[in-house]
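Novice: Straight from Swiss-Prot, here's the annotation block:
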type	residues	note
ACT_SITE	H108	active site
BINDING	Y25, G26, S27, Q28, S51, S53, D83, E84, K85, Q86, G134	NADP(+) binding site
BINDING	D191, E195	Mg(2+) 1 binding site
BINDING	D191, E227, E231	Mg(2+) 2 binding site
BINDING	S252	substrate binding site
DOMAIN	2-182	domain 'KARI N-terminal Rossmann'
DOMAIN	183-328	domain 'KARI C-terminal knotted'
Amino acid sequence: MARMYYEKDVDLEVLKNKKVAVLGYGSQGHAHAQNLRDNGVHVMIGLYDGSKSAQKAKEDGFEVKSVAEATKESDLTMMLMPDEKQKKVYEESVKDNLKEGQTLAFAHGFNIHYNQVQPPEFVDVVMVAPKGPGHLVRNVFTKGSGVPALFAVYQDHTKKATETVLAYAKGIGATRAGVLETTFKEETETDLFGEQSVLCGGISELIKLGYKTLVDAGYQKEVAYFECLHEMKLIVDLIYEGGFERMRYSISDTAEYGDYVSGKRVITDAAKQGMQNVLEDIQNGKFAKAWIKENEEGRENFLKTREEEYNTEIAEVGRNLRSMMSFLK
């Protein structure tokens, strides 16, 4: 069984005499920076000129510097800007400001695993990947808890990379819930697979197909929306809280029986093969190459698809219904 590291296993003092630069002040950036500061770590924020986040970071009491300055002055530099921006930022502002023994950190392995960022041999390269969005990382921290995380060491120049990355994980509150060791390869490939096959791509297509099946059969659009999309949160929350057994305990016996006899009629071997194909494209770099190319060419297909999805019938029905749900406001 994989080992989990908790508060008692990690020494936060490792970071107390270091300066940490958090590059980016978005979802994860604000959470990492504030949690580290609350734990007594010296934190500065590195942002590009004209960043919309600069004012917010200053209002939150942080010293804001350019990415280059923050990198140069820090002992640990955490890259928290979006994946598609990291290569450019690294090449222009980080690469030439790294010094021997510095720690270069990431919250996702994409750019290291797919060789978009190629650090020099004289730095440690690590990852701390919280298993939750930034607002949750911050919110549960303020309540005395934490979001679990994965950690990895890609390059250990100082022979102290593991204690450094674990201290960082403790600094953001992750060891309160537990952190699990992985590799950049495993984190990247499993994270992308989960997003594409289940959490985002898979669930979106399942919902849309269920909705369309009911509407095509003559049922009201609003009823189809409630049954196939709105109630999804109720079920997912139960699974999140206590696994499939909690969900099945909480639903009716009729629903549970339908789960057993019909689930496999929908998610067939064809779906399994589709998942395998998705995983292979992640493993062999085909997906990464396509995403990198999409960004290099201006995101035309990406933005077109986003617009098309916004204008689908189910999206319009959802917006109308949610506008009448006062409890969502």
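Cβ atoms are placed via backbone N, Cα and C, with glycine included.
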Novice: Compute the C-alpha separation of D83 (NADP(+) binding site) from H108 (active site), stating it in Å without decimals.
Specialist: 8
Novice: Over the span of the domain 'KARI C-terminal knotted' (183-328), count residues by DSSP class, listing helix, strand and coil in order.
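Specialist: Summed over the domain 'KARI C-terminal knotted' (183-328), the classes give 125 helix, 0 strand, 21 coil.
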Novice: If you measure C-alpha to C-alpha, which of Y25, K85, G134, D191 (binding-site residues) come within 10 angstroms of H108 (active site)?
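Specialist: Passing the 10 Å Cα cut: D191.
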Novice: Counting every protein chain present, what is the number of Cβ atoms, excluding its own, within 10 Å of the Cβ of Y25 (NADP(+) binding site)?
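Specialist: Excluding its own Cβ, the number within 10 Å is 29.
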Novice: For the binding-site residues listed here (S27, S51, S252), tell me which residue's CB has the most neighbouring CB atoms inside 10 Å.
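Specialist: When each Cβ's neighbours within 10 Å are tallied, S51 tops the list.
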Novice: Sort the binding-site residues S51, K85, E231 by C-alpha distance from D191 (Mg(2+) 1 binding site) and give me just the closest.
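Specialist: Nearest candidate: K85.
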Novice: Compare the C-alpha of E231 (Mg(2+) 2 binding site) with the C-alpha of each of the binding-site residues Y25, S51, K85, and give the closest one.
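Specialist: Comparing Cα positions, the candidate nearest E231 (Mg(2+) 2 binding site) turns out to be Y25.
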Novice: Out of D83, E195, E231, give me whichever of these binding-site residues has the highest number of other Cβ atoms within 10 Å.
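Specialist: That would be D83, with the most Cβ atoms nearby.
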Novice: Whole-number Å only: compute the distance from the Cα of K85 (NADP(+) binding site) to the Cα of E195 (Mg(2+) 1 binding site).
Specialist: 19
Novice: Taking only the residues in the domain 'KARI C-terminal knotted' (183-328), give me the average pLDDT of this model.
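Specialist: In the predicted model, the domain 'KARI C-terminal knotted' (183-328) has a mean pLDDT of 97.
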Novice: Count the other Cβ atoms sitting within 10 Å of the Cβ of G134 (NADP(+) binding site), across every protein chain shown.
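Specialist: There are 21 of them.
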Novice: State, in Å as a whole number, the widest CA to CA span among the NADP(+)-binding residues Y25, G26, S27, Q28, S51, S53, D83, E84, K85, Q86, G134 given in the record.
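Specialist: Result: 19 Å between the two most distant Cα atoms.
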Novice: Sort the binding-site residues E195, E227, S252 by C-alpha distance from S27 (NADP(+) binding site) and give me just the closest.
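Specialist: The smallest Cα gap between S27 (NADP(+) binding site) and any of the binding-site residues is with E195.
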